[in-house]
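Below is one structure; the comments refer to it alone.
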Amino acid sequence: MGAGLVSACLPISYVLLVHLFDRNGTDRNDPESVKRRFKGALLSNFVSIVVTAFYLRDYTDSPMLEMGVRWDNIGQSITYPFILMNAFYLGQFVMMQIDRTLWHYFDWYEWKLCFNSWVWRRDIIVGPITEEIVFRACSSTLMAHVYGPTMTILLNPIPFAASHFHHIWDDQRRGYSLAHSILQRGFQFCYTYLFGAFATWLQLTTRHAIVPIIAHAFCNAQGLPLWLEIPNYPKRRDRLTLYAAYSVGFAAFVHLLYTRNGMPTP
């Protein structure tokens, strides 16, 4: 099997193993289902790393470094995505301050509740780590050696985004109609494709696996930008403040991407 085909199969194997380990589950948010899916994700990580390292030997003497498992510039690999995503969600944080919900981030009890939640562990810790290892560190790295970085940025996010269609079965088991599930997951496909392209670019540019992992965790925690909610704020001052915050945040985000200030380099 060629390296290009393998790079496309790795994301599929992730979804298959996650579902195989939870084949009798009825609710993906049930703690027992989450635990079983963790096992499938971890097995997929192990298999993907071994297979990718095997094929990368034809292209490099250091497969693990090529996949982004490295310690050089570790500080920048943590601070860069943290600052980058804080800029992207600046408007969101200002919105939370106006809504008086920003304090949740500084409350120990709230953090304790989060860490005790299996769903939170999946969405913020295990999900971003295991998905980025398979989709970015393994699949995109191997694909880039076969098709080049530009084609990889365009192609690699497709299986990542399409993998979310498997939630249609979860939705139906929870009582949602097929039409509702398809529409919801179709929209999810669109924005996860965009994120996948962004994360793939981060992986190939920085060669640090932790960079897209942190960006992924940040996006899972914050969700989509809520600029469409701004007109619902009754006070004109709040609306102007939010429009300004989102604009400044997006501008800073683009500036950091364009100039690559603070970005770790391999």
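Here, residue 1 is simply the first one shown, and the rest follow in order.
Cβ coordinates are placed from backbone N, Cα and C, and glycine is handled just like the others.
What you are looking at is a predicted structure, and each value in this text was computed from that prediction instead of being measured.
What Swiss-Prot says about this protein:
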- 1-21: transmembrane segment (TRANSMEM)
- 42-59: transmembrane segment (TRANSMEM)
- 78-98: transmembrane segment (TRANSMEM)
- Glu131: active site, proton donor/acceptor (ACT_SITE)
- His164: active site, proton donor/acceptor (ACT_SITE)
- 186-206: transmembrane segment (TRANSMEM)
- 210-230: transmembrane segment (TRANSMEM)
- His216: site 'Transition state stabilizer' (SITE)
- Asn220: site 'Transition state stabilizer' (SITE)
- 239-259: transmembrane segment (TRANSMEM)
Surrounding CB atoms that lie within 10 Å of the CB of Glu131 (active site, proton donor/acceptor), all protein chains: 24
CB within-chain contacts under 8 A for His164 (active site, proton donor/acceptor), separation at least 6: Arg185, Gln188, Phe189, Thr192
Greatest C-beta neighbour count within 10 angstroms, which of the recorded sites His216, Asn220: His216
Between Glu131 (active site, proton donor/acceptor) and His216 (site 'Transition state stabilizer'): CA-CA distance (Å): 9
Long-range environment of the transmembrane segment (239-259) - Cβ separation under 8 angstroms, sequence gap at least 6: 80, 83-84, 87-91, 93-95, 98, 225, 227, 230-231, 233
Beyond the flanks of the transmembrane segment (210-230) by 6 or more, those residues with Cβ under 8 Å of it: 68, 74, 77-78, 80-82, 84-86, 88-89, 91-92, 95, 123-125, 127-129, 131-133, 136, 191, 195, 198-200, 202-203, 239, 242-243, 246, 264
Cα-to-Cα gap, Asn220 (site 'Transition state stabilizer') vs Glu131 (active site, proton donor/acceptor), nearest whole Å: 12
Collapsed DSSP category at His164 (active site, proton donor/acceptor): helix
Per DSSP, three-state class assigned to His216 (site 'Transition state stabilizer'): helix
Glu131 (active site, proton donor/acceptor): secondary structure state under DSSP, collapsed to three categories: helix
